[in-house]
Amino acid sequence: MDKQSQSQTDHEELPGQNSYRRPKLVFFVRSGLDAFIDPIIAHLSIPFTTMKIIVRENSQIDQGMNWADICWFEWCDNLIVYGSKLPIANRRKIICRLHSYEAFSSYPYQVNWGTVDKVIFVGKPIQDYVLQHVKGLSERKTVVIPNGVDLNKYRLIEREKGFNIAFVGYISAKKGPMLLLHAFKAIHDRDARYKLYIAGKYQDERYRLYFNQMIEQLNLTDAVQFEGWQTDVNRYLENKHYIISTSPLESQHMSMMEAMAAGLKPLVHHFYGAKQVYDASFVWNTIDELIGMVMDEEYSSGVYRAFIERNYSLPDQNFKIEQLLRKFLPIAQAENRHTNIQKAPKVTVGIVNYNYGRFLDECLQSVLTQAYPNIEILVVDDHSTDDSMAIIERYAKSHSNIRVIRHTDNSNLPDRAFHEIFREANGEYVLLLSADDFLPNAGVLSHYVGCFFNHPNADYVYGDITLVNVNAKAIGKWTYRSYTDEEAVQNIFQRWGSGVIPMIGMFRSSYYRSASHSWFVDPAKPIAGDTLNCLINIDRGWNRHYLQQPMLCYRRHGDSISHRIDERIVSLIYIVEYIVARFKQEILFPTIPWNTLGEREASALKHFYIGKHFAGMAVYYQTCPFTSGLDPIQKKKCVQPILARMNHYFDLSLQFGDDCKQKISVVVEQVSPLVL
């Protein structure tokens, strides 16, 4: 196919790496209507080979459907009407995503629903309406998966109750512009401090004429401000306090949800089905109710964002879509999965266990149920004394791809086990896993391997982590990001040795083997070996890639090794000392003009700031979560090794002169209450 003439973007397999064929997924969409689909394509381009076709002529649909295993039609419009009636539609899996406007058009009545496998609605009210009116579509073929909000794009600002009301979107009949103006007039009459800021543009000249006239007639000239179309809505909303909707119908009203993610209080007119989309406390029926919501003293930015996090986060919605599409894989990929299983690159999942027998079933099952076809499981048991070995041996007997290494003594060193895993692994890729943790879904390994396919220079891929309790219930998230080498080192140093790149992602085995590297093991730091190995790899030269989605469920419980405070502090001191020894002072303290200082002055200042950094660490460990269960004396006792390192570096600073003597005295006085 001619890519230029078809206006298509694809994510084909790389040459030499397509012996394991990922299923092919094509997206059909009209020009200018692909804004909602691009984040989904980005997510699905890892487990699937994807192609997006901007359709300008029907022949592109024929060609795309011939290429693909699964065909996705974005919007229920003329494209799905045509594609559903092609003979090949009977031999392809077809998805249609219906938003809202299409429900009130003639298109749903023209589709051959017999060839469509699933219709995704972005809202329950629209689903109900279509099923009531389109008799050819059965409910069993439908599912509701809302559009997701990319929370990383919208920074939460904890706002105080204020007076700036924002409206974001087109000014058209669909958005209820007359109600908007009269509703704001009622608010302004109650309190003239309120202002309405409109970020958008007119789609109909009649509304421009009406607004210009009525704003003057209602004496709102100074209270209503037109800001025009905004390309950076997040920044635009920084000084706003409310977001208002006056639409008669929406599927979700994404601009409202994005503003809520940023911490604005929502004022949602009760459009058709609004209370199925939003909490009832965010919805108003009458203008009097609206005024009451605005004047109410209750205002909590965290509550508004939490509602979006719970119900509409982009990773959660993308995961639902992926799980839906994976149901089609046994058919779309049947020949590939059963005849080419050994052609997929082998993945070794290395599981480290010590007395986690109560969690082993969940951990092992999460690996054994992966959709990826070529897996080796290597379990390293650190001489457990519970029923762990009985469980491990039972699994090993019934699964030929499980190997076991059992220590004859307890090393209390996860790094020793990691070292053995990399030494013994047969896979091209290695995933490290603690036996008390588990993989969140069946697509994790496929996601990782697909990412390596798409990023052939990557040595390591990591993603986000879902925190769970002892009963595997989600209790929080750790969201990461990409870092340059300097950013990673700076952040780890500023966090007093606490890592910023999780080392429980997937590694390319050749990174360790071809360069004769190994996982570093040192008994002096039994806990923070992951962060130390991260720093060692950065120092060696290490290409990383970040996947913005949950890739691990990390269990928080009292037996976790990271909860041992004395060992933790010894290990983190080790990390800080490693950073000081291996990385330049310009990286550690980038705001200091080192190139303007003489050698003696620079040495004195460097050692002072390192000592001051340890002082800050000692203060932090008086109030941080790791010491919350200790009494005041225990808290002081645990930071004595930190204070010893502080004094060591202050002494070194003074060896280069008295330049920092006064500063040292101030810091020593500040931490004196911690000295035993």
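Keep in mind that glycine also has a Cβ here, set from the backbone N, Cα and C atoms.
Confidence in the domain 'Glycosyl transferase family 1' (158-277), given as mean pLDDT, stands at 93. According to TrEMBL, the feature domain 'Glycosyl transferase family 1' maps to 158-277.
Marked as domain 'Glycosyltransferase 2-like' by TrEMBL: 348-490.
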Number of helical, extended and coil residues in the domain 'Glycosyl transferase family 1' (158-277), per DSSP: 49 helix, 24 strand, 47 coil
Number of helical, extended and coil residues in the domain 'Glycosyltransferase 2-like' (348-490), per DSSP: 51 helix, 39 strand, 53 coil
